[in-house]
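*Asks:* So that we are looking at the same thing, I have put the structure below in structure tokens.
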């Protein structure tokens, strides 16, 4: 919690008990108080340690600082927080500019406006603005130096730079400011600790980084140690990403002093004008002071030149006079001229005078002169090409990337590109290995005034050149497993930076080639998108390799955006059908498999290909890349289903989803008390909004599209751009269950479990009316499109229609004897739909209130309903883990969408009618294509969730049992359903084969067991009133059937006749059981860790005691001498079955659910994780292979015992090999030898077989 990390620093510290925090607060309500109290205590303790001033890197000023610097957790957090060290940026800037001159900035300390800001308690923001080249950055560097000398508290700063991605976004600014604060005062790390402990490095880098860091930053600023903190941000105009968020944060952080610099841009002025406590210094209005500073700068620069070039007094005076007369108060102009005069080619005095006269007055004329100079060079052509490239690339490129973009003519390694960059020194500079513009004004000049010189055919042509060279480089470089990871499950987080250097030449091209296509000439676009054109060929030959590279570069989201953009370009340019269809399929491919590929790059060839439809064009093109270590691949549908993406991130059930009016964003919220805002196109999570302390029941975007309302115990209004909470509305007595917004945006309406409806003016936060006609919880509400009416549904069984002018109830529709779960108005305003918890849907005429006849309203447990944008369809989310799409006029079911692992709690159509969004009990948000596509399924599935599954002992068949009350037998080789067995009246919770595979037992929620002939498909007999059976198995000789029910009994039946032979009762539930091969003993394990060995004849038993937790598995050796037991204590014990003594215990570190002794030797025990080698007597009688049973296997199959499902992965040999997409994560699974069968909530059964020679280590 908030005091986390204290014990790492001071191990002997005793933190106050949690009861101190919770005495006056109940349940979750006291958590925020507890957190605040804990954090306050942490700070109270740490503040007793000596405060520190800003400490230069590596120079601790106190023993306490040493304590922090030696703390591993603190240092790791600091390393991962650091995107850049602003102190290093400041030093680099000063060094690049040739040092800092006091006389060039001291004037500002005497400036009246500065003094007003510095001394006043009300003026919190100082804004220094001016044109390019006016010396704002160096002014700030000097100001920082002076303020550090006298400022009595902490000072943090950041230098934005548009030409460098890591310095041009709002999140980077926050990281830099927080980093410097924590470096100077380490106890401030306590504000980061809790979230960092949960998220690690992703806290600073994922899509929610701004939201998380801004909250941390605001909390940090409330700390008393920062009462007098000073925060400085240079060049806000060069913060090109989320600039508005940064400005909003600056304005709203009114409890601290800020200094901000920028150009004279209207949008920045408009934003900062919202601050009522600001002082501005306009450099152009302080011309005298700036001119004097420039003159001091000239004196300083000329003095250095005179020493370097040995000027005499006359030449020195001439140079100084020329600079003063032509500088026009611009530091940058002076610096560029002096740079030119310092050239080694300027050797003689007369050379200096001639050179000086070449520099015209003003920045633009000077840049023109520089271009003339470059044009006169022998390397003029490559210089112009480099300048053209630098002007259109989307981020600074390295020398390695530049060589790629320049093409084959410059591939010769002897060409010294760094020397050529030096010839462009007035425009470009090398920083490390990357090429940057010397100043933003240099890029502006090239793009706006010199494009005819550097790229005579225009910028669009230059984009086309970069595209062509990028595709050439990618086609040459991309291949499978470029970084030689070797194993298909190799996690992206384990890839070292050194390995990734192999991609350095194509890094830029890999990420940005589609953007250059988009900005290229229309003729080039058409040519590239023709049939068998460059783009078509690239996708056909390199697509999964490109996705692998994007994953390695942590840029898979950029790949999603690129495919949307590429498909859009193909559509708008009327590309040929083969190209368009391939791009559509490629987009579906990356949308569906994004998570798999970004998690493990080589899953582009495993999970992505294996779980794509059989007719996917990408899968067909790259079928040769499918893993050969999967010898039997699961049978997929022929076509893509309607599910475009599954978004994962919520910890628990999602109760509500909403779509923004512009179709760009999705909001989701639920049981984990968090609201997430996602990009609909890419699936990227933009924000995670925290602040509620109860489940979130309802979400709605307000009509402006920039504001979101969320309902829990309170209602919160959020800014969707910044993620900030704008207001909290509180007036209901119980949880708010539903929200609705009037189409005109004036009113927000809330319905609650307190039976009340409240109408709010959300902008003022005031409740303007309370409606109290319902006699039950208000579950759902919706506005009519014309803003005139509100409809509400309730657990009182009524639907009410309200007049929004008089706030009176116009009609009560009382046709329900059931809870109304959801209501919806059709967008055309003609119809109203309501869904009942148990009795289907009803559709009403909204004008008359009369119920409209519909063809069918099948029984279903409905939870949520929504109309499509054209009012023609209804989407119904059900508790049966599916969405039903209805014809809104007839009520007939058009399509059923499956794949959920829990009830569908919320559905919403996009305003353009293209997509349907759902939230479900499995914690996922799914985005569906809203089109009604009724593709015939190539395989037969269960109608409902698969609850049980087993594989026959010969490995030829798979049996599954479902909630739909049926049992299906499948061919394990083809995946085809051989038989459907019907007769049960309840869920099939357990199925098991006999050892000879000829019989099958199915156990059902109707409290019966049916035994079937698997060849004829007939029921041999039914055992009735057996209770809820949770364990069942045939004996090894298939003569007996053993089953255990929740009534704590175990029964043994004759498998031929169904006659009950024995009944064993114990006083607690049986957790596992095993029958000895000789049928003399029965072993049962219970949840208390005890094992009983029963004698079948006299039903006497003995206890085996040793496990600390529930028994998970039991197995007798084939000679019945030994018993193996697995437990949730992660141990395996080997027992002497006759003496009932424990021989030894093995700590395996995992719960084992499958145990079986080897057929030929007792020294080998086969388990979920492989074979354990035991020390037991070797004399073991041979037994007939028929006695093998389903729990044992021959030694030749040991390696396959390693196969199992672990969450998102199929694991083999203890390593992740195949990532499971959300729709393919099983509810149940079974393993036999190298075969894995899985059953799913959708009713699907998948069968896979893996190689047994361990060659899955190769990708």
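Think of each number as a place in line: the chain as shown, counted from 1.
Cβ coordinates are placed from backbone N, Cα and C, and glycine is handled just like the others.
Pulled the feature table from TrEMBL, pasting it below:
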{"type": "DOMAIN", "residues": "124-339", "note": "domain 'NACHT'"}
{"type": "REPEAT", "residues": "647-688", "note": "repeat 'WD'"}
{"type": "REPEAT", "residues": "689-728", "note": "repeat 'WD'"}
{"type": "REPEAT", "residues": "729-770", "note": "repeat 'WD'"}
{"type": "REPEAT", "residues": "771-812", "note": "repeat 'WD'"}
{"type": "REPEAT", "residues": "813-854", "note": "repeat 'WD'"}
{"type": "REPEAT", "residues": "897-928", "note": "repeat 'WD'"}
{"type": "REPEAT", "residues": "939-980", "note": "repeat 'WD'"}
{"type": "REPEAT", "residues": "981-1022", "note": "repeat 'WD'"}
{"type": "REPEAT", "residues": "1033-1063", "note": "repeat 'WD'"}
{"type": "REPEAT", "residues": "1063-1097", "note": "repeat 'WD'"}
{"type": "REPEAT", "residues": "1104-1145", "note": "repeat 'WD'"}
*Asks:* With an 8 Å cut-off on Cβ pairs and a sequence gap of 6 or more, do the repeat 'WD' (1033-1063) and the repeat 'WD' (981-1022) reach 3 or more such pairs?
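*Replies:* Between the repeat 'WD' (1033-1063) and the repeat 'WD' (981-1022), contact is present.
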*Asks:* Calculate the per-residue pLDDT averaged over the repeat 'WD' (689-728) and state the result as an integer.
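*Replies:* Mean pLDDT across the repeat 'WD' (689-728) comes out at 92.
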*Asks:* Six or more residues beyond either end and a Cβ under 8 Å away: which residues meet both conditions relative to the repeat 'WD' (1104-1145)?
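*Replies:* 1071-1078, 1080-1081, 1083-1093, 1151-1157, 1159, 1162, 1165, 1167, 1172, 1174-1176, 1180-1181, 1183, 1187, 1191-1192.
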*Asks:* Sequence-remote contacts (6 or more beyond its ends) of the repeat 'WD' (771-812), Cβ cut-off under 8 Å?
*Replies:* 737-744, 747, 749, 751-753, 755-759, 818-825, 827-829, 832, 834, 844, 846, 849
*Asks:* State the non-local partners of the repeat 'WD' (647-688) in its own chain: residues 6+ outside its ends, Cβ under 8 Å from one of its Cβ atoms.
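*Replies:* Same-chain contacts beyond the flanks: 28, 206-208, 210-212, 557, 560-561, 564, 591, 594-595, 694-701, 703, 705, 708, 710, 712, 718, 720, 723, 902, 905-912, 914-915, 917-927, 1222.
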*Asks:* Determine how many residues of the repeat 'WD' (1104-1145) DSSP places in helix, in strand and in coil.
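*Replies:* For that range the per-state counts are 0 helix, 24 strand, 18 coil.
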*Asks:* So which residues does the repeat 'WD' (897-928) touch in its own chain, when a touch means Cβ under 8 Å and the partner is 6 or more beyond its ends?
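*Replies:* Here the qualifying positions are 641-648, 650-659, 661-663, 666, 668, 670, 672, 676, 678, 680, 683, 863-870, 875-885, 1222-1223, 1225, 1227, 1240-1243.
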*Asks:* Mind tallying the repeat 'WD' (1063-1097) by DSSP state, helix then strand then coil?
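*Replies:* So the repeat 'WD' (1063-1097) is made up of 0 helix, 20 strand, 15 coil.
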*Asks:* Run through the repeat 'WD' (729-770) and tell me, per DSSP, how many residues are helix, strand and coil.
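*Replies:* Result for the repeat 'WD' (729-770), in helix, strand, coil order: 0 helix, 22 strand, 20 coil.
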